[in-house]
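Student: A single structure is presented below for examination.
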Amino acid sequence: MIKQRTLKQATTVTGIGLHSGQKVKLTLRPAPANTGIIYARTDLTPAVYFTADANLVGDTTLCTCMINDDGVRISTVEHLNAAVSALGLDNLIIEVNAPEVPIMDGSSSPFIYLLLDAGIEEQESPKKFIRIKQTVRIEDGDKWAELKPYNNGLKLDFTIEFNHPMISKDVRHFNMELSAKNFIHNISRARTFTFMKDVEYLQSMGLALGGSLDNAIVLDEYRILNEEGLRYKDELVKHKMLDSIGDLFMCGYNILGEFTAYKSGHGLNNKLLRAVLANKNAWEFVTFDDTQQAPQGYQIGEQVFI
């Protein structure tokens, strides 16, 4: 049987909030089987809790942000979500003492090591997957994203398009099958990126106050401003794929399907996920009593993550 997973113990880290520029304390706690992924604002009294839910995503400007009916927000959840999804965690309490998850270095890598350091353990309940049964496609001008049936895991294919000398055709496309090993080695270190002109505008509006060359790739009109350069030659498209993994995990379950996207972002990813979940004929819950029948990325061998 493919079993649910949680952490062995709680773990805490402090980082900077991308938007506020203030310190944020993040605590990740184990949770009982069938709890799901729960987010908590512990700076509020009483604490405010959110369950992973595509319909709670209320703002996708610069990041994925959940907003409840009272207007309480938790922003920048996507990089942590991607790490949680890649490691196949099902039950987790995510606590922050601010309106946002810390940006760390702009990638998922710090969250991966935080989770692995806490340890991952299986629980005595079957893991539920969402299996895609029908193709669903969302378009916005020339941008599009779709999910279609694929039973052996989550296959991802992403293409970006930017008119910039550092973003040539050979680094605009990437595809991968999601597994812990593939995620850690191929895309977990891919950082968020932005353009200098956008940074200046956002900070003049009181946004992205925590953004810096320490947690983002910044490009001017001609070059990359980070002295150390890129971590992968195709780091930009890999980060967009990382974002998509996090955005698709807003349903709280690992998806079995094939995701293909062209110039997609947080907003379009969320619209796609909502459209899939709203169509009861397009998906179903599945479990695997026979481990050998499960997607390879979730079989026992994948316990060796690094």
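Please read every residue number as a count from 1 along the shown chain.
Each residue, glycine too, has its Cβ placed from N, Cα and C.
On a predicted model such as this, the values are computed, not experimentally measured, just so you know.
Below, the features straight out of Swiss-Prot:
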ACT_SITE  His266  active site, proton donor
BINDING   His79, His239, Asp243  Zn(2+) binding site
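What does the local environment look like for each feature on the list?
Tutor: With a 10 A radius on its CB, His266 (active site, proton donor) counts 21 other CB atoms from all the protein chains.
All chains included, 28 other C-beta atoms sit within 10 angstroms of the C-beta of His239 (Zn(2+) binding site). In the three-state DSSP scheme, His239 (Zn(2+) binding site) falls into the helix class.
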Student: Could you tally the C-beta atoms, other than its own, that fall within 10 angstroms of the C-beta of His79 (Zn(2+) binding site)?
Tutor: 32
Student: Could you tell me the C-alpha distance between His266 (active site, proton donor) and His79 (Zn(2+) binding site) in angstrom, no decimals?
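Tutor: Given the Cα positions, His266 (active site, proton donor) is 12 Å from His79 (Zn(2+) binding site).
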Student: Hey, for the Zn(2+) site built from His79, His239, Asp243, who else sits with CB inside 8 A of the CB center?
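Tutor: In sequence order, the nearby non-listed residues are Glu78, Ala82, Gly106, Ser107, Ser108, Ala190, Arg191, Thr192, Lys240, Met241, Leu242, Gly246.
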